[in-house]
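Step one of this worksheet: look at the structure below.
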Amino acid sequence: MGEQPIFSTRAHVFQIDPNTKKNWVPTSKHAVTVSYFYDSTRNVYRIISLDGSKAIINSTITPNMTFTKTSQKFGQWADSRANTVYGLGFSSEHHLSKFAEKFQEFKEAARLAKEKSQEKMELTSTPSQESAGGDLQSPLTPESINGTDDERTPDLTQNSEPRPEPTQNALPFTHSSAISKHWEAELATLKGNNAKLTAALLESTANVKQWKQQLAAYQEEAERLHKRVTELECVSSQANAVHTHKTELNQTIQELEETLKVKEEEIERLKQEIDNARELQEQRDSLTQKLQEVEIRNKDLEGQLSDLEQRLEKSQNEQEAFRNNLKTLLEILDGKIFELTELRDNLAKLLERS
């Protein structure tokens, strides 16, 4: 085509599953450039998208097409020529709305272009149709007569306005035998011509059917060649689009590399956190082991403390018994001392008396 794209955007491309007519089949692994083109040679608008060198969308916009938004970021349209339904997934609702606006705009432009083309065809074909109509009226007239003058009159009424003249001239013809024989011969000639025309018409009808079949085959082959030519033209005409697409891919790759770098830094940070967590886990395990050892040591000390408490209690009991014994001995000694004191006093008194 050679034209530059009128409008371009990026989207994920899908086609309806030809078997189920329900599921979407992706035709691109990633988002690709989808462009509107104007084909000035054929006066049509096209939607074209390439995935590398392969044309995954080559749709001619017609007035009866409709672009339908099925969600906030997805839209679709049916292409009867390609016998499929295309679907586009956009990155945002804004891109979807912009594409839908352009679709409606170019659809209206296609309708106006079609109307202008039809008007031109009607203007150019009207004189030839009139001349062809005039040529066909004469052979069809004998077929409509079917052998009688009464049946020829309505046919003449359709093709010419001076209707009363045959009726006025028919009166003198009925009174003239010579003229009657002339008309009989003319009628026989017309019947023969009618039979020949009928046979020719049947043969022409058969030929027309054959020609229609051949024409359909030629049209199908022409459409296939046209699609192939369009694909080749797309490959050659979209060099700039491919360059733009390459630039966009490089930019996307750069963005992905930056994103990858950020992700790698985040992964390093997470690794560091994991190492720290492992160190904390090791410290926790070490402290847990030490705590268990301390608990075991504590149990041992508790056992020793219990033993010492028992021994202390036993010692205290022994000391208490010893004290009680000493107290008893002291009481006995006190009694003995008291008795000795009394004995001394008594002895002293006895000495004094003697």
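Keep in mind that glycine also has a Cβ here, set from the backbone N, Cα and C atoms.
The following features are taken from Swiss-Prot:
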type	residues	note
COILED	181-352	coiled coil
COMPBIAS	138-147	compositional bias 'Polar residues'
COMPBIAS	155-172	compositional bias 'Polar residues'
DOMAIN	1-110	domain 'WH1'
MOD_RES	Gly2	N-acetylglycine
MOD_RES	Ser306	phosphoserine
REGION	114-172	region 'Disordered'
REGION	290-354	region 'Required for tetramerization'
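Here the domain 'WH1' (1-110) returns a mean pLDDT of 91 for the predicted model.
Counting residues of the domain 'WH1' (1-110) by DSSP class, helix then strand then coil, yields 18 helix, 50 strand, 42 coil. For the region 'Required for tetramerization' (290-354), DSSP puts the residue distribution at 64 helix, 0 strand, 1 coil. The number of other Cβ atoms within 10 Å of the Cβ belonging to Ser306 (phosphoserine), over all protein chains shown, comes to 10.
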